[in-house]
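What TrEMBL records for 43-62, 74-93, 100-120, 140-160, 190-209, 215-235, 329-347, 367-389, 409-429, 449-469, 490-510, 535-557 is transmembrane segment.
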Amino acid sequence: MEGKMSWTVADAVDYKGFPADRSKTGGWVPAALILGIEICERLSTMGIAVNLVTYLVGVMHLPSSTSANVVTDFMGTSFLLCLLGGFLADSFLGRYKTIAIFAAIQTLGTGALAIATKLPQLRPPPCHASASHTCKPANGFQMGILYVALYLIALGTGGLKSSVSGFGTDQFDDKDEKEKAQMTYFFNRFFFFISTGTLTAVTVLVYLQDEVGRSWSYGICSVSMFVAILIFLSGTKRYRYKKSRGSPIVQIFQVIVAAINKRKMELPYSVELLYEDTPEAQRIHHTDQFQFLDKAAIVAEGDFERNVVSAPNPWKLCSVTKVEEVKMMVGLLPVWATTIIFWTTYAQMITFSVEQASTMERSIGGFLIPAGSLTVFFVAAILITLAVYDRLIMPLWKKLKGKPGFTNLQRIAIGLVLSTLGMAVAALAEKKRLAVARTVGATTTTLPISVFMLIPQFFLVGAGEAFIYTGQLDFFITQSPKGMKTMSTGLFLTTLSLGFFVSSFLVSVVKKVTGSNDGQGWLADNINHGRLDCFYGLLAVLGVINFVLYLVFAVWYKPKNPKPALQMETIVNGSSAENKC
């Protein structure tokens, strides 16, 4: 019996619900099947996002500000729906079903987008805008079909992001040394596949969209995802499945509801009188922060279920440990709030910066670089920064300070500074571009100024992402309760989502405040007539203000459960990568 049990994985089952046989389930082969889904998701989402603004402006004839908001709303919704996908996976469906269902939804979305961009009835008639002629914009029906396709993709993306990496790590037993080493290899490949999918999207797919046709490009995405689903399903008998533990969102609401219901009660003179049923080894000691929440642990009449021994109603009474876990999550919120502005800056790289590129000289010899492909410099900046940090900065910092690199809060600070500098540089570059536009005429299709002038802003913001992404991921993982790692990752992803939504809000406000009836203002319908440099300058100023607030909150924050910091290399290659979307 003992020999038989040694061949099973303690916390995993096979597709029939029996203990997973180590020799027949899990390992690298099933994990590789899951990676196919991830590369297709990156291919679709990034291939659409980085070049969508040019389609909305050039084909659907929407104003530049409206086009930018469509893109940022799409990306923001994609990240926000990670919370929905994670909740469904944790509470009801499990990761396997969640991946299969949402991958199918994304396949339908990309297929619908291919059809929407192919049929002439679903777009306005082609025309070339001029000072005396305005093109007819897409009507409500045409935009409605486009929105349905985009938000099907967003829904599919959200579900996939929440479960793919986690289900991949489920295929390895971290209690087995051999499989733990294989898990590290999986993390490395996972990051490689993300990078491969993104690079392919911003180069090959964007080129196909501009030179062959968008419907072909989106059709390729749909077919590739369909094939990836078939490959994924073929491994059903080989996968290891872990039972859902329930969503931590429910626990948070239980603590809040219990505290509100007992808001008029006085806290006991000793914390020893608060309710605690957590095993000694797993308990979190009481803290004095956010004492209002402590009321959820006050024992009162009616808190225990009738005819059940030692089973309190979780909506009426919570243990001190559960309350402290919620306190830890609340303590993360100030730092969380001050990282949102970075992703607002990031949003400009795939919207207005791409639109800038579309008006500039992009030829190298006889080859015309697609405007959306300029984001390849963004991806390159991320990879270069990671390599320089791991190979040069970390060893040097360890030699000088005795520490293996910057702390998570320091990396977040560096990312915020770089993004603010990126916006300042972008403002200067745009001022130069507008000066050229005024000289040759704002209606000139291609301005005589090189698109490579935009590289510095892509590099600065890209390098900033390398620092802030790894810093945020490290911070939210190491400073969150053990039972809320998925929730903390979801909290991190909401900064991306809200960053895009804040971008949409700022664009709308600036458009309304500075705009005029003839479509002019800072964010004019034609950016050659606008003052995009002022908008970039506004973001730089907001970045400085936000950075000051961040410093205040970073100094105020006290680590609750100090752990060895997860450095960039660890996050890329090690245990934290399971939470990366």
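Heads up, the Cβ atoms here are built off N, Cα and C, so glycines get one too.
Long-range contacts of the transmembrane segment (140-160) within the same chain: residues 37-38, 41, 44-45, 48, 60, 70, 74, 77-85, 88-89, 98-99, 101-110, 112-113, 115-116, 122-124, each at least 6 residues beyond the stretch ends and with a Cβ under 8 Å from a Cβ of the stretch.
At the 8 Å Cβ cutoff, the transmembrane segment (409-429) and the transmembrane segment (535-557) share at least 3 close pairs (sequence separation 6 or more) and count as touching. Tallying C-beta pairs under 8 angstroms between the transmembrane segment (215-235) and each of 43-62, 190-209, 367-389, 449-469, 490-510 places 43-62 first. Only residues 6 or more beyond the boundaries of the transmembrane segment (535-557), in the same chain, are considered here, and those with a CB under 8 A from a CB of the stretch are 331, 334-335, 337-339, 341, 344-345, 348, 352, 409, 412-413, 416-417, 419-420, 423-424, 426-427, 430, 506-507, 510, 522-523. Among the stretches 74-93, 190-209, 329-347, 449-469, the one making the largest number of Cβ pairs under 8 Å with the transmembrane segment (490-510) is 329-347.
Long-range contacts of the transmembrane segment (100-120) within its own chain (CB-CB distance under 8 A, at least 6 residues past either end) are made by residues 37, 41, 44, 48, 55, 59, 85, 93, 145-146, 148-160, 163, 213-216, 218-219, 221-222, 225-226, 228-229, 232-233.
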